[in-house]
Amino acid sequence: MTPQVLTILGSTGSIGESTLDVVSRHPEKFRVFALAGHKQVEKLAAQCQTFHPEYAVVADAEHAARLEALLKRDGTATQVLHGAQALVDVASADEVSGVMCAIVGAVGLPSALAAAQKGKTIYLANKETLVVSGALFMETARANGAAVLPVDSEHNAVFQVLPRDYAGRLNEHGIASIILTASGGPFLTADLNTFDRITPAQAVKHPNWRMGRKISVDSATMMNKGLELIEAHWLFNCPPDKLEVVIHPQSVIHSMVRYRDGSVLAQLGNPDMRTPIAYCLGLPERIDSGVGDLDFDALSALTFQKPDFDRFPCLRLAYEAMNAGGAAPCVLNAANEAAVAAFLDGQIKFTDIAKTVAHCLAQDFSDGIGDIGGLLAQDARTRAQARAFIGTLR
């Protein structure tokens, strides 16, 4: 068997580490060509020692020099690259068959798009790629024969329970709606009057999942679910009015598909990202993920409730941006990234995140942008507007 050759973008984050855990269980199936780890040099050096990639990519020359010194000390022959173009290069290299796109934020868009242009199998964990450039990205993938496999647990769950020949045809397959589940985050039952006193340390403590700081805050505001709605719209060619969100605090049911005949098919499992990663990497096989069996005896109850937009205004804003279309999702994402960064840095209150996003969505912006240059320019304009607004909140 010829192993699949992988580039893993965001290898030092939680998705990247989970991916490498799955890869390590199947050395005969996978070979790592490149790892990208931004600024976590020590962790990336350890990964290079274990997986021996041809290339490792970091953010800049300073971190590249540090990584080179560590690799030289340990006798690891991996070549070190740095910068945005290096991410594009390792994502589109001829040797590579599959790319794990797990860089957080819109900064992951150019490398994901480069992989699509080269017809790679794309394991998509970077939801911002589709939020910012859904039409452009999916059309690029289709035109170049790139397979886009969803790694996000919710979209992966939907992918697993849809007919294999689904290909975006809802009506033909009798699909009434797609239902994304959400845990509700750490503040599902907290007093709304305390929200303006929520600290970054509290917001990053997710009750069920192990995630990075940014996505943990997005889960706490439910912006994460809003971004996932937009992602599902593009991934599954699903109209906004056929997308539902239900809060399911136990995070056992990862998503559902409602069919016209009254059936609802769901995918269940322990909340561990290695399950969707292994499903994508192993297709069409089911391979060992390292995740334990779901213990039904230990489940006391599975509960569900509708999301409350007063508690989660970011989810409402995401619905509005999805329905508006055009550049609105790009604006939504850029404003949210700027606001979450400011919150984590202690510059604004938790409740100011939604205020910042609402402010930016109220500004004038182009209805539609058809190329990556225009999208990145809109992203930059919105971030500047968000930073200016944040300055008035301090």
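Every residue, even glycine, has its Cβ placed from backbone N, Cα and C.
Annotated NADPH-binding residues in Swiss-Prot are T12, G13, S14, I15, K39, Q40, N126, E128, and among G185, G212, G226, G262 the one listed with them is G212.
The 1-deoxy-D-xylulose 5-phosphate site recorded in Swiss-Prot includes K127, S153, E154, H206, S219, N224, K225, E228, and the single candidate from S97, S111, S177, S183 that the record places there is S183.
Ranked by CA distance from D152 (Mn(2+) binding site), the binding-site residues S14, K127, N224 have K127 at the top as the closest. In this structure, the CA atom of E154 (1-deoxy-D-xylulose 5-phosphate binding site) is 13 Å away from the CA atom of N126 (NADPH binding site). All protein chains shown were included, and the count of other CB atoms within 10 Å of the CB of H206 (1-deoxy-D-xylulose 5-phosphate binding site) stands at 19. Neighbour counts of Cβ atoms within 10 Å were compared across the binding-site residues T12, S14, N126, N224; the minimum falls on S14. DSSP classifies E154 (1-deoxy-D-xylulose 5-phosphate binding site) as helix under the three-state reduction. Annotation for K39 (NADPH binding site): same-chain Cβ neighbours under 8 Å, separated by at least 6 residues, are V58, A59, H63.
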